[in-house]
Each structure stands twice: as C-alpha cells, then as structure tokens.
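Asks: Take this structure, written in structure tokens, and hold onto it; I'll ask about it next.
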Amino acid sequence: DFGRSSELAFVVEPSDDIAVQEQPLILYCQVEGIEPITITWRKNGVMIVDSENAFMLANGSLYVSRFQRLRGDGSSDEGEYDCMAQNHYGLLVSRKAKIQAATMSDFHIHPQNAVVEEGGVARFQCQIHGLPEPVILWHKNSMPVNTDNERYTLLPKGVLQITGLKAEDSGIFHCVATNIANVKFSREARLTVSGSHSTVYKDPMILVGPENLTLTVHQTAVLECIATGNPRPIVSWSRLDGRPIGVEGIQVLGTGNLMISDLTVQHSGIYVCAANKPGTRVRRTAQGSLVVQAPAEFVQHPQSISRPVGTTAIFTCVAQGEPPPQITWLRNGQILETSDHIKLKNNNSTLSIYGINQADEAIYQCLAENSAGSTQASARLTVLWADGLPSPPQGVRAETVSATTIQVSWEKPLQNTKEIIGYVLHIRKAADPVEMEYQEAVSKSTFQQLVTDLEPSTSYSFYIKAYTSRGASKASEVTVVSTLGEVPAMPSLFIKVINSTTVQATWEPSIKLGQHEGFKLYYRKVHLSQYTGPVLLASNITAYNITQLDASVVYEVKLLAYNQHGDGNSTVRFVSLRETVERTVLNPPCDCMKDEQNNKTSTTGIIIGIHIGVTCIIFCILFLMFGYRGRLLMCKNVQEQLSTPQIPRSQRSATGLILNGATRRDRDDRDLNGKQLDMNELERLFPASPSQEQQEKGITSAHSPSAPHDETQISTLPLDEFSIIEEQPDPLPKNPHGSSPAAPAPDHGPANEG
C-alpha cells in the first residue's frame, strides 16, 4: 500500500527565475501521490490568495499576470515562492524558488582615452550591473569589433584587450550592454597609436591581474592577466597551493587570460599570474582567488518507514554542498520542534522519534540550503496499530528499597490480556534524555521487578508496556521515584610518626569516597574508653597532625567520612611512639652547626699539617743533598792527588756519582783506573762515619770566608751550583746521568729516606 507511486512527492518543483517588468511569470509545481491532493502557494512564508494578478492554474502552477518589482502600495512580486501539497497522509513543501526582477543599472565604469606606442597593449573596460548579467559587446567607429582578429580579445566582464598595436587600431571605441531588461551604451573613448615600435629594454610589468571571483558550479570563470615589457613577457599561470591547474576545460584567451569552463568545487583556490622575461628568471606576479560554490544536494535521502506504536523511528538525511548546507526538518510543512521524544543529532542529519504514537504519523521533510541553492527530500512515518492489542498496564508503583535498588510493581491491563507474552519495563534517569533509556524484560506472570545497580540519591522514571506477538500496548503512566542516599565508604587511613609527641594521619582523596561532606577524626589511649574528638575536617582535607601525645603509651586513631545520610564505617589504626623515643636516646640528634664548625676546624688542621710535613721533607732533602755533596767533592780531590794520569772533569763527575751512591763496603773498592786507594790516606782525609751535625759544620766552614781551606776545594764548589740546588730541591731529577757533578744518583739512599 505504501509503494513509491503512492508516496506524496514532487515531480516538478518551482525554480529560481528572473522576471521581466510588466511581463507574465509562471512558476511550475507538479505532485504525485494518493488522491485527493491539495496544492497551495506561499510567498515569503505567507499563503497566496488567488487574485486578478496571481492565481493557480489547474495543473498546480502559479501564474502572475503582470510581474511588478514595486507596486503602488509598496508591495513587490519579488521574493521566495514555494508550493505545498497535502493529502490524507500528510503535507509536503517544495524547495524555495527565488524570483527577482530583471534590471540594468547605468554604467559605473566607462572606457577611457588611451595613447599607446606601436607594438604595445591597449585595454578598455566597461562595467555595469544587471539581472541577468548583461552581455557586453564592443564597437569601433560605430561598427562591431571584429572578433576574428586574434589580436582583439573580448572578456565576459566587459574588457577589450588589443595586443601588438598597429596604426590601423586607432579609432573611437564604446561598449553596448544588453539583457532582457534593457540595452545601454557607454561613453566613447579614443585610442591613439603613436610612433614606431621601441627597442628600449623594459622590465616585465603586469598591467591588470586577476580579480577575486565567486561563482557557482558549471559556470565559466575568466581570470584576466595582461602584461607589458620589452621584449614581450611570457605569461604563465599556477596555483598558490602547488596543485596542477589541469587541462580539461582550460583555455587561454589572448596573450595570457585564463578561462576555466564548467567549474567544479575542486577549481576553488588562489591563482597566480606570472609575467616572465624570456630567457631569464626576471618575473612579476599577481594573484586572485576563485571561490566555486555548489548548491546543496542529497547524498542520502530519508526513507519512508512503518513502525509499531511505542518503538523508535529514525530518519537519516545527508547533504553536501559548498558552503556546507544547513539542514532543517519539517513535519507536515511546519518546522519540527524537538522535545523529550524527538531528537536531532549529527548536525541535524539524524532525526530520532522515541516511543512513537499515532500523533507522530506524518510526512517528515529534510530541507538542505546554502547560499548557492536549496533542495528538499521527504519521507513518511506510518505508525502501526493492530486491533485487539492489550490496554496499558495499570497501577504502576515504584518503591525505594535502598540506595541502589528500587522495586517496581504493576497490575495487568484491563483489556485483551489473553495474548500477552510478557512485559517490558522502561528505565531512565529522570535527568537523562530519552535515548538513554534502557529496558528489562519480564515474564507475563510477573507483576513486579527489582531494579538494581542504581545510583544513590538519584531520580528514576519507569513505565511498562505489555507485548503480544502482534505488537505492544501503549505505555503505562510514568512513575518517578528516587533512590535513598548512601553514607560514604570507609576511607583508607595511614599513620606516620613525626616525633616523640606527634603523629600524622593521612587518607585518600575524597573522590573515592562518593558523596560526603567531610571527615571525623577520633583518637584515644588504648587503656581509656573515651575518645578525644571528633575533629571535624572538610572534604578536601587529606591529612591531620595529632600533637601533645604521651610517648609511653599506645594510641588508637579512628577516621570516618560522613554526609547528610549519616556516618560511614570507620577505619582504625594503632600507633606507638616508644620506639621513636628509644631511637632518639640511642642516636641523639646531631648539632649541625657544631659539626660544621668541627669539620671546618679539622679541615684547617689537616691542611696545616700537610704544609708542615711537606716543608720538613723539603728541608730533609736539602740537608741530605748538601751533606753528601760535600763528601763527594772531597773524594774527588783525593782521587786527583793520588791518580796518574789526571782524570778528566766529566769522568770525575761520573766517579763521584758512583762513590756517592755506593754502600760503605763499595766505597772501599778500587777507583776508576783500577788502582786501590790507600786506606790510611783515605782515613786521614775522611774520618769514619761523621755525624750529621759534623757534616753540617763541614759544609758551613766550606762556605765561610774565614775557614781554612785549599784552593782545590774552593774551585770544586762554584757558587752557581749552590744556587741551582737551592732552587730545585727535588732529589730525583729526570736525567740521573747528566753531566752536572752535583746531580745525585737515583739510588741515593739517604735521599730516598728523606
């Protein structure tokens, strides 16, 4: 019964039009569907009553006998027209047709006189507004311009370009604008071509670049670009976003104008005109934007549906266009108002009707509209109602059992109860939208249901439907009841000992406790029966210090959360401060200032001790070096006296090194030339094992000017050697085999000891 041919639908809808003043106008409207069908017309939302000027034809079209832009009473035939069709199943509204009067203004841009040198570029422009867009033609010397001449380019917006000027191009030009409203002529302008073609170099320059355009799909866009220069520049086009312009529907007019035919939304963008000097990278650019609009059109139409009473009906309407269209829903020609059981989602693309009833049966329309145009689509909702269905369940009651449970009870319907196969309980938070509703099925012999897992202190609505194999009954009356309030949960309590008289109680943030107003804290000595407290704490407090405690006893700490429904269960902890006291006695707290001073004193003492020790070592080394240096020199003198022939100074130095570094037994061995030294002579010259004090005296006397000594001893102790040893007290030089006679050997025993 509800096939496509029976649906009320438009075969022809009124379309946008431009009407001529004092001429007749016909707006077409044709509908199909189940008869009888009534058609009416509206202008700007107001019903049109048949009159001598405007009346409806037999086929449903509207006839305006003499269209007038402005009547004597101030009214106008311009406006938005739509036709409405209605039959037994509903009412349908057509798309809106925009009707405008044909007009033509005066020229607001006239061509101007121009003097251009031969070979240059001339440009004339006329501009005039009108509906429909006037067609502009150019005349030269009162004759139409020869458009077959490829040097002459006529652009749709009233521009005449002449390139490669010659003397024969001189003349008088004017333009003629024509549309269905009027014909108008512009003022005349003279073109003078002067001189011969110049060979002077000129940088490329763009005289006129592209202007910003807003057009509709399938129209034609012309982007103007005219450039001059010597040599003549090459004009090229590109898109600012880097995308290719393409070749389909693209054409170049004249020497650089871009024409795009059969526009699509993809042609929108910013176009760049470049004037390039041949063979170089010298260029000049200009740019303009092209916006292509697309009227609204449907991607998905709403579909007519049939649904039983009490169920949900969903219509989907998806439209596209540029700019994106706005979607509006109508119900039997009137704007649809949303309510608890009528919802719009997804930017009005989805219409949902919950718990439908007979009053919801209608024709629903989706209107999609943007600045480029509008369109409409419709669908019918049929509400199924079978005879003999049960009447609504009776006596629905809801009683609160606890903070999370409500018991709902009802009585069976008064009529048609034999075919009942069960009941469905509909549950929803009173504050939630209808689509958040959920259901619970109940057997036909059960007349009560315990609803669990509810939220405390929350209102819920309930209603019942009885179901048969042929459909559901109407909904019962709705009952609303709230769950009981709930006391907060037990908080998690932790105790931390701060010192011998203070502990800190901490607990988890309040969000985990549910609804509560605050906390109560109690504490007591375990051997006492009475608590200290309660200490009332706000809900955002999560810690509290208990002070002035006795360290010798054990304390019990108790914490609970409370709200308007009462106190929650408490959490108990025990704490002793005795161990803290014992640790304090065994490990007294440090005096940080005193320790710091002691550390500073100790550090200073260590540094001073190191300096003293290093100084002592240096003095010891110097003492040993000077002592053994004197003995070595004396040994050298004896060797020079006893040895034949004399040993060179370098060899004496080496011998001195050997003697000075040897043990007592080695010092009794033979000298370098193999001769044994006379022991008696050595003992006479060098008394055995002289003390350290005697060595110091010997060295001092060697340096004293009054001390008796021979010339040989003085010559072996030059002053420069003393100065070198005093400046460098290191007993371990890098080159132990150097030629200096005062250099100690690496194995020098006393030096190592020092």
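Cβ atoms are placed via backbone N, Cα and C, with glycine included.
Remember, TrEMBL labels are computer predictions, not curated facts.
Bear in mind that the values here come from a model prediction, so they are computed numbers and not experimental data.
Heads up, here are the entries from TrEMBL:
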{"type": "COMPBIAS", "residues": "643-654", "note": "compositional bias 'Polar residues'"}
{"type": "COMPBIAS", "residues": "663-673", "note": "compositional bias 'Basic and acidic residues'"}
{"type": "COMPBIAS", "residues": "689-704", "note": "compositional bias 'Polar residues'"}
{"type": "DOMAIN", "residues": "8-100", "note": "domain 'Ig-like'"}
{"type": "DOMAIN", "residues": "105-192", "note": "domain 'Ig-like'"}
{"type": "DOMAIN", "residues": "204-287", "note": "domain 'Ig-like'"}
{"type": "DOMAIN", "residues": "295-382", "note": "domain 'Ig-like'"}
{"type": "DOMAIN", "residues": "392-486", "note": "domain 'Fibronectin type-III'"}
{"type": "DOMAIN", "residues": "487-583", "note": "domain 'Fibronectin type-III'"}
{"type": "REGION", "residues": "643-754", "note": "region 'Disordered'"}
{"type": "TRANSMEM", "residues": "606-626", "note": "transmembrane segment"}
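Tell me what's around each of these sites.
Replies: For the domain 'Ig-like' (105-192), DSSP puts the residue distribution at 3 helix, 43 strand, 42 coil.
Mean pLDDT, taken over the domain 'Ig-like' (204-287), works out to 92 on the 0 to 100 scale.
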Asks: Could you check if the domain 'Ig-like' (8-100) is in contact with the domain 'Fibronectin type-III' (392-486), meaning 3+ Cβ pairs under 8 Å among residue pairs at least 6 apart in sequence?
Replies: no
Asks: DSSP-wise, what's the residue breakdown of the domain 'Fibronectin type-III' (487-583) into helix, strand and coil?
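Replies: Counts, helix then strand then coil: 10 helix, 50 strand, 37 coil.
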Asks: Using DSSP, what's the helix, strand and coil tally for the domain 'Fibronectin type-III' (392-486)?
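Replies: Split into helix, strand and coil, the domain 'Fibronectin type-III' (392-486) gives 3 helix, 46 strand, 46 coil.
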